[in-house]
Amino acid sequence: MMGKTKASVTALVLVIGVWGILSFIYPPLVIPTIPSVCVKIVEIMTHADMLQIILVSFTRLITALTVGTIAGFAIGILCGKFTVFREITGPLIGVLQVIPPVALLILAILWFGFNGKPAIFIASMAIFPIMVISVQHGIMNIDPKTLEMGETFRLTKRSMFLDIIIPSIRPSLTSGWRISLGLACKTMVMGEVLTTPTGIGGALSQARMNLEPETVIAWTVITVLIFYVIDWLTKGKRHA
């Protein structure tokens, strides 16, 4: 644990060092200085609209995660248990993995218009195949002897699912969830930037139009912090 923390601190110091050097070489419009970004972060955090902006994006993120996770979990279970279903849906899941998010975003704009719905849609579609594959692999890698033991003790289907299947696929679920969380954050904010003036993406879009790179980086840092807060809050449940 200490080694991991030390490595993280070293990486952070390295990034800050390189950033500081580049900010002396390039003008502020290209690479803003570290102090200017820190000031902007404080300014954003103390602004009256900050909580509203974050709450809008947070609500969209949770909605996307809920839809993508539930749908991915259900399809993943079916793919893991039934070969025919896996063979039918496998190519479709593969296609979803390679479709550029921006292509889905354009379709979402045509379907839903310029509002928060396209951002939710592309985030859900981005994490859906990840959850399907994670759950499917978890189901297929369950030790048959474990299932036989449950049948020997005549466990109900509910007990078999909660006490044997879920614990057995938890490692796959954990890795899939963490990847999905990061991907959902990125795609959701991208969707906001291109489709709505609200949320963190809307704030980034406004900063772009105002030529304020320090604001762009400040909101990026805040988004990363939100990711780690959510990841930390859910870590206990993932490992419970």
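Cβ from N, Cα, C; glycine included.
According to TrEMBL, the domain 'ABC transmembrane type-1' annotation covers 50-234. According to TrEMBL, the transmembrane segment annotation covers 7-26, 53-80, 92-114, 120-139, 216-234.
Below 8 angstroms of C-beta separation, residues 60-61, 63-65, 67-69, 71-73, 75-77, 79-81, 86, 89, 93-94, 96-97, 101, 104-105, 108, 111-112, 165, 168-173, 175-177, 179-180, 183-184, 187-188, 190-191 of the same chain, each at least six residues beyond the ends of the transmembrane segment (120-139), sit close to that stretch. Using the rule of three or more Cβ pairs under 8 Å, pairs at least 6 apart in sequence, the transmembrane segment (216-234) is in contact with the transmembrane segment (53-80).
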